[in-house]
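> Straight out of Swiss-Prot:
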type	residues	note
TRANSMEM	17-37	transmembrane segment
TRANSMEM	39-59	transmembrane segment
TRANSMEM	75-95	transmembrane segment
TRANSMEM	138-158	transmembrane segment
TRANSMEM	179-199	transmembrane segment
TRANSMEM	212-232	transmembrane segment
TRANSMEM	287-307	transmembrane segment
TRANSMEM	313-333	transmembrane segment
Amino acid sequence: MKKIYDLWVRVSLIKKIGIGVVIGVMLGILAPDLTGFSILGKLFVGGLKAIAPLLVFALVSQAISHQKKGKQTNMTLIIVLYLFGTFASALVAVLTAYLFPLTLVLNTPVNTELSPPQGVAEVFQSLLLKLVDNPINALATANYIGVLSWAIIFGLALKAASKETKHLIKTAAEVTSQIVVWIINLAPIGIMSLVFTTISENGVGILSDYAFLILVLVGTMLFVALVVNPLIAVLITRQNPYPLVLRCLRESGLTAFFTRSSAANIPVNMQLCQKIGLSKDTYSVSIPLGATINMGGAAITINVLTLAAVHTFGIPIDFLTALLLSVVAAVSACGASGVAGGSLLLIPVACSLFGISNDLAMQVVGVGFIVGVIQDSCETALNSSTDVLFTAIAENAFWKRKKA
C-alpha cells in the first residue's frame, strides 16, 4: 500500500488528472448508477468557490503593493506591450467565439432565472455599481468586480506601508496560494467525479463537445502565438520576427507547458534572455512583471469559456459589450499569475457581466478543469514565452532609438 502511495505522490498532477478523466469515463459508462460518487465533484467545486474571491484579493493587492519604481530602461514600452498583448488576445478570443460558437452542458436548475443585461449601457452601469460594493460583502458574495477594485485600492495604499506590513501581505498571499495548491491537488478526484457525472447523465457523446472546446482554445492560442504576436513584433522592430518567436516558444514555451506556472518558469526565461543578450537591468524586472500581468493565454481562456456560457444560456450580446468583456478579461487575467488553473477561477468575473450567477459560473469553471489538462499547459506556454518575446522586441526598439 505504501508503494502505491509513494508512486502516486511521484506522479505529476497533469498525469493524475489524465488518469482521473479516464477512470471517470469508464465509471460513467460501466456504472452510471453510482450517483453518490457525484458528491466528490461538488465538494471540489465548492472548495474552489470558497477560496476564489480571497485568492483574487490577496494576489492583486500583494502584486501592486510590491511594485518597485523602474530604472532608466525601456520598461514603459514593455508594460504597454504586455497590456496590449493581453487585450489583443482577449479580443481574438471574442472573434473566435463569434466564428465558432460553443455551447456547454451544465447542470442548470429548472427554476434558474438569468438576468441578461440590456446592452452595453446597462453592463457599464452594473460594472460601476459593483466597483463600489462593500469589500467584505464583495468577498462574501463573490462579487469579483468589487474584489478586484478594492484589491487595487488596497494595493496602492499599501505601497507606502512599512516593510513588515508588506511582508505580512506577501505572507497572506502565499498562504492563500498554498491553500489553492492543496485544493488543486484534489483535482484528479474532483475531475474524475465531474467527468463521471457528465458521462452518466449525458452519455459518451458529450466528449465531442469537449473536444471541440479544446480545439477552439488551443487553436486560438496558436493563432495568437504564431500570427498576432509576430505581427506586434513586426510593427515594433520592422524585422522578420519568426526566428525570435520560434526560439521563445521552443526554449521558454516548451518548459512552461510542463510546469504549468509562469512563476515557476521565471528562471528559465531569465536564462533565455541572457542567452539572447538582453540587458539584465531590463529583464530582471520585466520577466517577473510579465509573469504577473502578461496573461494573454488566461484572457483567451476566460473569454472563450465565458462566451460559451453566454451562448449556452441564449444571452444576446452586442459588439460593444463583447469589447467591454475583452477589457474586463484582460484586467482579470492579471490576477491569474503563478497559480495553476488561476484563469479558470476568474471566469466568474466575466460571467457576472451577463447576469450569470456564481453557481452557474462555477459549473463553467468545472468544465474548464475537465479540459484543463491541455488548456492550462498551452495557456502557460503562451503566457511565459511572450514575456521573453516582448522584452526582446522592446529592447530592440529601445537600442534603435538610441542609435538614431
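Each residue, glycine too, has its Cβ placed from N, Cα and C.
How about a rundown of where these features are and what they're close to?
Beyond its flanks by at least six residues, the transmembrane segment (75-95) meets 220, 223-224, 228-229, 232, 236, 282, 285-286, 289-290, 293-300, 302-304, 307, 322-323, 325-327, 329-330, 333-334, 382, 386, 390-391, 393-394, 397-398 of its own chain at Cβ-Cβ distances under 8 Å.
Packing against the transmembrane segment (138-158) from elsewhere in the chain are residues 49, 52-54, 56-65, 127, 130-132, 165-166, 169, 328, 331-332, 335, 346, 348-349, 352, 358: each is 6 or more residues past its ends and has a CB under 8 Å from a CB in it.
Sequence-distant contacts of the transmembrane segment (179-199) (same chain, at least 6 residues past either end, Cβ-Cβ under 8 Å): 13, 16-17, 19-21, 23-25, 27-29, 32, 34, 37-45, 47-48, 51, 55, 105, 107, 206-207, 339-341, 345, 366, 369-370, 372.
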